[in-house]
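Worksheet: the structure to be examined is printed underneath.
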Amino acid sequence: MDGPRSDVGRWGGNPWQPPTTPSPEPEPEPEPERRSRRGGRSFWARCCGCCSCRNRADDDWGPEPHRDRGSGSGRRRPDSRGSDSRRPGSRASGVNAAGDGTIREGMLVVTGVDLLSSRSDQNRREHHTDEFEYDELIIRRGQPFHMVLHFSRPYESSDRVALELLIGNNPEVGKGTHVIIPVGKGGSGGWKAQVTKASGQNLNLRVHTSPNAIIGKFQFTVRTHSEAGEFQLPFDPHNEIYILFNPWCPEDIVYVDHEDWRQEYVLNESGRIYYGTEAQIGERTWNYGQFDHGVLDACLYILDRRGMPYGGRGDPVSVSRVISAMVNSLDDNGVLIGNWSGDYSRGTNPSAWVGSVEILLSYLRTGYSVPYGQCWVFAGVTTTVLRCLGLATRTVTNFNSAHDTDTSLTMDIYFDENMKPLEHLNHDSVWNFHVWNDCWMKRPDLPSGFDGWQVVDATPQETSSGIFCCGPCSVESIKNGLVYMKYDTPFIFAEVNSDKVYWQRQDDGSFKIVYVEEKAIGTLIVTKAVGSNMQDDVTHIYKHPEGSEAERKAVETAAAHGSKPNVYTNRDSAEDVALQVEAQDAVMGQDLTVSVVLTNRGSSTRTVKLHLYLSVTFYTGVTGPVFKESKKEVVLAPGATERVSMPVAYKEYRPQIVDQGSMLLNVSGHVKENGQVLAKQHTFRLRTPDLSLTLLGAAVVGQECEVQIVFKNPLPVTLTNVVFRLEGSGLQRPKILNVGDIGGNETVTLHQKFVPVRPGPRQLIASLDSPQLSQVHGVIQVDVAPAPGGGGFFSNAGGNSPLGETIPMASRGGA
């Protein structure tokens, strides 16, 4: 690939540096309202059936908006978790008349606005936004909502009323950032407002929004015109309106035609992320927390920090691409700093995170990139952001994921004449697993047939158009090897469906293909199943069945567009000895055994010279030095099978072990009789224990309850500086517990209290991290009963104790 490559994205974490991006400035105070004196028709003369008429005289539309009006996030974070009670609307004493500033008798003065924004009101329930821990109105585009206007006198048929929504620094009608909706008039573009009831001094409205509307936080105002004059309601932060994508709206290009999918991929606040190896799959629960207080503002702030034009924020293709760039910190001081070095002393070990909320709120609060993340953290945060904004999104794990660095669309491994790896040439790598995201949308920018799931990958691996982002890329184009479809299809295709090609240096210095491993990449692609915590194998949507004609055609079609289009020609095929690797399923701290099984499938005796090299490996495919090796010659009778075993003691691998507890067995061999080359790379991992969580008593909204956490140290050494994390949407805000040291093989018990703030089934998630042991986590489902009398309860969720609290052990025990 021609663009710059990131050592951070591939494996080497750079030390955390003091960020250069300053904290976001507070939202500026509103400028004094001023009336445009330029010529042209009056506001009401130019107010056609709908503001979407693209009138370009945007600076003549009455009082100018102040800077950062209704910005995508603003720096005013919601300051109340609130109850379901409504705030009083703006009263007459707080209004300003347009024009000379006086309120004349007979003028239609707006004395208040009720946006029906509480969680129990019709709007939030119908728009599936009632779980957001916000008091402001949150709606989804393309779907009507209701409001009530309160006037100083009864509304008359001769009165004219218009609603206005504004977003951005310089709202313009033509860009969709200044929306004007005349009440009672039909309009184009999907915006309109209808009177549903006029009663006394109240006017009930049903407002229709465009299915193509910009997403973000809009400021809202009302204008009126009567014979006595014109009036405009001043902007009020309480009347800000959030507009999101709408997968429930058939006219929205993010529409999803399966309610169970919408419940899972938009509304589910937790999920499972898979890791490890194909043969030893691990799973962890992740708290997405997209409805937690402050998270929506953090998601919109990400778009602001990127400087994304407001006019493009209605396009999910553009929004998802920006998010893929901004969730990592490279180029743009985004959310997370990647680190694969193993040294996390200046931040948080990526394995210690249990969810996205702590990360996003830290970024919103400080404006600084958060240390540290690896692929599953980038993907977990991306799922949170895209679900929060209204895109159906899932977290996907690809086992044996290739990282193609030269656009050959193959994984190339180079050996010398004796089949010893040439590390200075081996730039491609195969990750044990890699985690990315699928999000659902139509692709109007592509030919037909490429709608549906799109890959978005926020892990910084390679540049795309000069920045570290990836996607959205149609899964359909990946499946069929159509690598010329945007965005980043060649790189993603290679991750799931390239072949591992072994090259041997010849006597004249040239290289020859000696073996092609066709089923080594993208061997299993999984995500959490809809409606359950089971795995859902989605390999079939990414690739045709391995070995099928369609799959071979896809690979060869893709390779023809790569940098080595003739890689599939002139291959030798004398292969009658089969090789298989087996590794014992062992727990960290135990001894283990690895084995190679050789089978002679021919009719003649075969003599095999076998070499085994064992090293530790990061999950990204970057290996440490070989710490154990074995050489053996095996004679195989026709049809015979022989097993070659290599025991590995804990004391041998303990000094070498790295993150994820992964090891790589390199096997190479040579058959004397026919020259067949044997080559195999097998990765396996050591399992870590789980935390055991037990709920002590019933969980009720607003009432304190307690959880017990039990952990047994599997290692014979002391764990130092042990840190627990606890988090769960609707249960517990992110909490850090410092517990000190835990002795070798010791069992410890902690008790923690929390106050649930939302009813229903919830997930409470915990993790443990120390320099000696990581990737330890646990989860418990908590079924929360409503508070007596019903209703929501938002009061500093999980705020019982601060971050970084030192917690004494409830009990300690031996092995």
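Sequential numbering from 1, following the chain as shown.
Any Cβ shown, glycine's included, is placed from N, Cα and C.
Now, the feature entries from Swiss-Prot:
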type     : residues : note
ACT_SITE : CYS375   : active site
ACT_SITE : HIS434   : active site
ACT_SITE : ASP457   : active site
COMPBIAS : 16-25    : compositional bias 'Pro residues'
MOD_RES  : THR21    : phosphothreonine
MOD_RES  : SER23    : phosphoserine
MOD_RES  : SER80    : phosphoserine
MOD_RES  : SER83    : phosphoserine
MOD_RES  : SER90    : phosphoserine
MOD_RES  : SER93    : phosphoserine
REGION   : 1-40     : region 'Disordered'
REGION   : 59-100   : region 'Disordered'
REGION   : 795-815  : region 'Disordered'
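Sequence features, as recorded in Swiss-Prot, placed on the structure.
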residue	record	DSSP class
CYS375	active site	helix
HIS434	active site	strand
ASP457	active site	coil
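ASP457 (active site) is surrounded by 29 other CB atoms, counting those within 10 A of its CB over all protein chains shown. Counting every protein chain shown, 29 other Cβ atoms lie within 10 Å of the Cβ of HIS434 (active site). CYS375 (active site): 28 other CB atoms within 10 A of its CB, across all protein chains. HIS434 (active site) sits 10 Å from ASP457 (active site), taking the C-alpha atoms as the reference points.
Cα-Cα distance from ASP457 (active site) to CYS375 (active site): 9 Å (rounded to the nearest whole number).
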